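Trainee: First, the structure itself, so that you have it in front of you.
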Amino acid sequence: MRVPAKVNLQLAVGPRREDGFHDLVNVFHAVSLFDEVTVREAPPRQPNPSGAGESASSGADTGVSVTAADPPEASACAGLTAGGGLGSHLARVPLDESNLAARAVALLAERTGRGSPVTVHLDKHIPVAGGMAGGSADAAAALLACDRLWGCDLPPRTLAGYAADLGSDVPFALMGATAVGMGRGEILRPLAAPGRLRWVFALSPHGLSTASVFGEYDRLRPDAPEPRLDPALATALAGGDPAALGAALTNDLQEAALSLLPELERTLKTGSGAGALGALVSGSGPTCAFLVGGVDEAEADGREAAVVAELEGSGLCEQVVSAYGDVPGATVL
Ligand code: ATP
């Protein structure tokens with residue numbers, strides 16, 4: 001399976017709800033940074049002395065392994081080469097039943113009663129704890145892979161419901177392309193986004209926990225208004241206008257992410273100063289996203305090269321990666 005990362009074109013965050021979640025207007029955009037997720041039947045176990053049959057798969061008997069290879073479009077920033085790159089993020093990925101991919105396997109087995117033990121291998125290219133929903137992407141891929149492997153062939157609506165139970169960002173990783181998420185982000189409506197966009201992502205050597213960023217948001221914005229889709233963003237997207245879209249990118253969590261990791265402000269200024277059409281923290285951060293143009297724009301070549309060069313030379317980020325969007329969601333290879 002191949003499954004993309006997301007960047008948020010708009011992330012409007014309402015007040016904290018009684019259940020602890022926040023109402024969101026979350027404009028998701030899938031980009032060409034992909035995790036590859038391989039799910040296989042586990043080798044048969046030794047016969048059980050009690051004679052009982054094999055039980056349905058659970059998170060506990062799902063073997064998870066992880067590797068990372070830096071994508072060809074990636075380059076390390078000055079001064080941060082040694083030990084950097086996505087490989088250094090792998091220590092943050094749990095290999096037990098708390099891995100979101102293992103949780104997806106366990107949930108599908110429990111709901112359908114069709115599970116058999118599996119192994120899941122994650123080849124990670126999406127930054128870990130980077131605000132690009134890498135864990136959610138792996139969960140979506142594992143869910144779809146087991147649905148096919150076990151012959152469940154559930155309708156998309158049922159899979160989307162299971163995905164929402166796994167996490168707010170999981171349904172979008174199944175769907176891909178560009179969509180607005182309402183509720184806590186899981187109620188999706190596709191948005192037309194004609195023309196592909198080119199992006200540069202600055203990966204931070206640090207991770208930010210989503211919970212701590214929302215906590216900081218609650219502290220900074222105790223009277224947050226109800227979230228609304230920004231009409232300027234919707235018009236820019238529908239019109240395929242990268243410059244207008246760049247000017248309309250917003251993220252209500254950005255202030256909280258900058259409060260926890262102030263150096264991100266310099267990263268954003270570096271990319272903007274080099275000519276990016278728009279710059280923002282992706283989701284809860286700390287990855288910073290820079291829109292550099294449409295894929296067919298000749299001048300976007302120069303803009304992308306300038307943004308990449310300035311970020312690489314800044315010493316602020318661990319890695320700089322180019323990508324495009326939108327792209328489809330979780331796909332069987
Ligand atoms: P969010 O969806 O909240 O924006 P994120 O993109 O910032 O999340 P993830 O890469 O999804 O961050 O990881 C968040 C945490 O989830 C990690 O620190 C890690 O401990 C845990 N985790 C569980 N499963 C996975 C997985 N398959 N890949 C990465 N992290 C995982």
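Numbering starts at 1 and runs along the chain as displayed.
Cβ coordinates are placed from backbone N, Cα and C, and glycine is handled just like the others.
A TrEMBL annotation is a machine prediction, not a hand-curated record.
Keep in mind the model is a prediction, meaning the values are calculated, not measured.
When I checked TrEMBL for this same protein, it listed these features:
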ACT_SITE  LYS6  active site
REGION    39-70  region 'Disordered'
COMPBIAS  50-60  compositional bias 'Low complexity'
DOMAIN    99-176  domain 'GHMP kinase N-terminal'
BINDING   PRO127, VAL128, ALA129, GLY130, GLY131, MET132, ALA133, GLY134, GLY135, SER136, ALA137  ATP binding site
ACT_SITE  ASP169  active site
DOMAIN    234-295  domain 'GHMP kinase C-terminal'
Trainee: Where ligand 1 binds, which of the recorded positions LYS6, PRO127, ALA137 are close by, with Cβ under 6 Å?
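Mentor: If the test is a Cβ under 6 Å from any atom of ligand 1, the answer is none.
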Trainee: To the nearest Å, how far is the Cα of GLY135 (ATP binding site) from the Cα of ASP169 (active site)?
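Mentor: That separation, Cα to Cα, works out to 9 Å.
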Trainee: For ASP169 (active site), what is the secondary structure by DSSP, using just helix, strand and coil?
Mentor: coil
Trainee: So which recorded positions out of LYS6, PRO127, ALA129, GLY131, ALA133, ALA137 end up within 10 angstroms of ASP169 (active site), measuring C-alpha to C-alpha?
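Mentor: Among LYS6, PRO127, ALA129, GLY131, ALA133, ALA137, the ones whose Cα sits within 10 Å of that of ASP169 (active site) are LYS6, ALA133, ALA137.
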Trainee: For ALA137 (ATP binding site), which residues of its chain lie six or more apart in sequence with Cβ-Cβ distance below 8 Å?
Mentor: VAL3, PRO4, ALA5, LYS6, ASP35, ILE126, ALA173, ALA330
Trainee: Per DSSP, GLY131 (ATP binding site) is which: helix, strand or coil?
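Mentor: Its secondary structure by DSSP: coil.
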Trainee: Tell me, how many other CB atoms lie within 10 A of the CB of GLY135 (ATP binding site), whichever protein chain they belong to?
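Mentor: Its Cβ has 28 other Cβ atoms within 10 Å.
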Trainee: I'd like the per-state residue tally for the domain 'GHMP kinase N-terminal' (99-176) from DSSP, helix first, then strand, then coil.
Mentor: 46 helix, 8 strand, 24 coil
Trainee: Which has the fewest other CB atoms in a 10 Å radius around its CB: ALA129, ALA133, the listed binding-site residues?
Mentor: ALA129
Trainee: For the binding-site residues listed here, PRO127, GLY131, which shows the highest count of neighbouring CB atoms within 10 A?
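Mentor: Neighbour-count leader: GLY131.
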Trainee: So around the ATP site, PRO127, VAL128, ALA129, GLY130, GLY131, MET132, ALA133, GLY134, GLY135, SER136, ALA137 aside, which residues have their CB within 8 A of the centroid of those CB atoms?
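Mentor: For the ATP site the neighbour list reads ALA5, ILE126, GLY283.
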Trainee: How many other Cβ atoms are found within 10 Å of the Cβ atom of ASP169 (active site), counting all protein chains shown?
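Mentor: Excluding its own Cβ, ASP169 (active site) sees 28 Cβ atoms within 10 Å.
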Trainee: Could you tell me the mean pLDDT the prediction assigns to the domain 'GHMP kinase N-terminal' (99-176)?
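Mentor: Per the prediction, mean pLDDT sits at 95 for the domain 'GHMP kinase N-terminal' (99-176).
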Trainee: Including all protein chains shown, what's the count of other C-beta atoms within 10 A of the C-beta of LYS6 (active site)?
Mentor: 31
